[in-house]
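Per TrEMBL, the features are:
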| type | residues | note |
| --- | --- | --- |
| BINDING | H30, H78, D166, H170 | Mn(2+) binding site |
| DOMAIN | 5-86 | domain 'Manganese/iron superoxide dismutase N-terminal' |
| DOMAIN | 99-199 | domain 'Manganese/iron superoxide dismutase C-terminal' |
Amino acid sequence: MSVTTFTLPALPYAYDALEPHISAQIMELHHGKHHQAYVTNLNKALESHVAAIATGDVAAQIALQQAIKFNGGGHINHSLFWKNLAPAGTDETKLEQAKELSAAIERTWGSFNAFKNAFSTALLGLQGSGWGWLTREAGNGAGLRIVMTKDQDPVVGGDVPIFGVDMWEHAYYPQYLNGKAAYVENIWNVINWKTAEDRFLGRSEERTKL
Ligand SMILES: [Fe+2]
C-alpha cells in the first residue's frame, strides 16, 4: 500500500507582499517553518499508519489518529489560508471580485459591515488557538455561516470553506504582540475576494486536492 507524500505548497506571492498588514518575518516563519512542520509530521504519521495497517497493529493505528488530525488539519488549513490572502490594493482584494458571494452575505447578515463585525467578533472571541471561517453549508440550502475550529481542526462535514483566518499566536504575535484586535482589523485588507468567490461558486477543487 503506497502513501501520498505531501509537500509544502509555494506561496502565491512574495514573503513581504502582505506588508504592512502581515510582516515578511511572520510570513517566512509561518510558511517556511510552521506549515513545513505540519507537512513533515503529516508525512511521518501517514507512513507509520500505513506500516501499522500492514502489520495489523490496531493500537498503533489508534495512537496515530491525533497526529494525523493535527498535522493534516494544519496542512489543509494553511494551504487554504495562503490562497485566500492577496497583497493589499490588488484587484483580488477588491470586494467587487465577489459579486455572488457579496449578495449572499448581504442576504444573510443584512450588510457587508454587519457580516464583517460578526466575523471579527467571532475571531476575537476564540479562546486559545484556532481558526475562523466563512463557510457555505453543505446541501441545497447552501447558506453561509461563520464557523470557528479549535487548534488545527479543519472544516468538515461537507461545508465549503470560503476563507479562513488563522488565530494562532504565530500568525500575528511577532508583529502585533498582544494587539490581536489590530491583526483582525488589518486582515480585511488582504482577503482575496476572487478566491473567495471561486470557492463559493464551487469553482475550486482545493478541499479534496492539496
Ligand atoms: Fe498558522
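Cβ coordinates come from backbone N, Cα and C, glycine included.
Those TrEMBL annotations? Automatic predictions, nothing curated.
As the structure is a computational prediction, the values presented were derived from the model and not from experiment.
A C-beta separation below 8 Å, combined with a sequence spacing of at least six in one chain, links H78 (Mn(2+) binding site) to H30, H31, H34, H35, Y38, D166. Each of the binding-site residues H30, H170 was ranked by the number of other C-beta atoms within 10 Å, and first place falls to H30. Across the domain 'Manganese/iron superoxide dismutase C-terminal' (99-199), DSSP assigns 50 helix, 22 strand, 29 coil. The Mn(2+) site is set by H30, H78, D166, H170; from the centre of their CB atoms, other residues of the chain with a CB within 8 Å are H31, H34, H35, F81, W168, A171.
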